[in-house]
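Q: Feature table excerpt (Swiss-Prot):
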{"type": "ACT_SITE", "residues": "His298", "note": "active site, proton acceptor"}
{"type": "BINDING", "residues": "His341, Glu347, His377", "note": "Fe cation binding site"}
{"type": "BINDING", "residues": "Tyr356, His377", "note": "homogentisate binding site"}
Amino acid sequence: MTLDLSKPATAGYLSGFANEFATEALPGALPHGRNSPQRAPYGLYAEQLSGTAFTAPRGHNRRSWLYRIRPAAVHRPFEPYAGAQRLVSEFGDSADVPPTPPNQLRWDPLPMPVEPTDFVDGLVTMAGNGSAAAMNGCAIHLYAANRSMQDRFFYSADGELLIVPQQGRLFIATEFGRLDVEPFEIAVIPRGVRFAVALPDGDARGYICENFGALLRLPDLGPIGSNGLANPRDFLTPQAAYEDREGAFELIAKLNGRLWRADIGHSPLDVVAWHGNYAPYKYDLRLFNTIGSISFDHPDPSIFLVLQAQSDTPGVDTIDFVIFPPRWLAAEDTFRPPWFHRNVASEFMGLVHGAYDAKAEGFVPGGASLHNCMSGHRPDADTFEKASVSDTTKPHKVDATMAFMFETRTLIRPTRYALDTAQLQADYFECWQGIKKHFNPEQR
């Protein structure tokens, strides 16, 4: 199977999360019984791509063997990229990262560009924490683009990219094969994997969480049991597909938050076969098996956890990816929307579709909000008043929605861009100012 981004993919996918996959685009391209034969089939080169340390425990060890037309080392030297440099990877105090305010923050959607702009040039960092160089924390980017990548390819050496499209499909051609991703789906591109993005719908906008630390994994289910939340079989990895093209191409690398470019005389998407457990994947959020209360109270949002990146502290993650999908609410004598909250963790939210059930106005698809450690948040005044008098003897379906959250153990620091942009809603705090005083010590 060869790569062709001009039309939808026809190849199927490999099912399962972090499975040991094996796939070949030409029969017999995978060596039999060994990884690095003296001569690989079809004159290919054997190359290992390691996503974890060689000595990581077997259950956490992630690597793949690629059989490609040319090794990844074949390109000209990198030089600083002359295009937009709007990415940040170090979140200590700097010109790019001013002091973090304790205010609740909310943004309108990133505008679509006027000039032709592809996926790489459409990236901008909104917030993050930790350090790409130290391999801990994350960066949260937005993208807005209106042109497919043309004869250029991209990879991030800083972290794995969790991509959440909000508008427009993405045809993502990678070294491992192709992912077609639409809104309501996510894609994860591992650290170091080279790829190109085509925009079949013209305009595209979305969110990215770049994970600098331990790889994303499925959470343990505990008392939920052996099934529920995001089921492993619904994660899809591409089958091998390649292109054998020569010409004047550009390879763009992201390292320590900076973009670099190199000339390359061939397409780096030339992997004819591969096997291993370190590969891109996608997941349809509409397949999430939502858990909730059928008696009383609103459980903690951890019941909506899709993926997590673990820290060195048991039970505390560096990143939690949480969604708020369509679901039934059945709890009686209960305030059904998400409750008022202050959190030791920090929460960056986005909205793919519809409305979020804790906010009646102002939080729109493509927009974002940030509630940092111990900043009070959740229902606005209108939502509280309506939910306080609603009939809870009948189930209610929250429909036509898809919100999500990147939650982190450490402070999420907005960038200078995020604090200065015209999309920042200066009046966000007003949504709570109409909350009334109902207290009456004479009436219980």
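Cβ coordinates are placed from backbone N, Cα and C, and glycine is handled just like the others.
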Q: Only counting partners 6 or more residues apart, tell me which same-chain residues put their Cβ under 8 Å from the Cβ of Glu347 (Fe cation binding site).
A: Leu370, His371, Asn372, His377, Met405, Phe406, Glu407, Ile412
Q: What is the set of residues, excluding His341, Glu347, His377, whose C-beta falls within 8 angstroms of the centroid of the C-beta atoms at the Fe cation site?
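A: So the additional residues around the site are Pro338, Arg342, Asn343, His371, Ser375, Gly376, Arg378.
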Q: Pick out which of the recorded positions His298, His341, His377 has the most other Cβ atoms within 10 Å of its own Cβ.
A: His377
Q: Between the Cα atoms of His341 (Fe cation binding site) and Tyr356 (homogentisate binding site), find the distance and write it as a whole number of Å.
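A: It is 16 Å, counting Cα to Cα.
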Q: What three-state secondary structure does DSSP assign to His341 (Fe cation binding site)?
A: strand
Q: In angstrom units, rounded to an integer, how far apart are the Cα atoms of Tyr356 (homogentisate binding site) and the residue listed as 'active site, proton acceptor'?
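A: Tyr356 (homogentisate binding site) to the residue listed as 'active site, proton acceptor', Cα-Cα distance: 15 Å.
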Q: Among all the protein chains here, how many other CB atoms are within 10 A of the CB of Tyr356 (homogentisate binding site)?
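A: Other Cβ atoms within 10 Å of Tyr356 (homogentisate binding site): 24.
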Q: Helix, strand or coil for Glu347 (Fe cation binding site)? Use DSSP.
A: strand
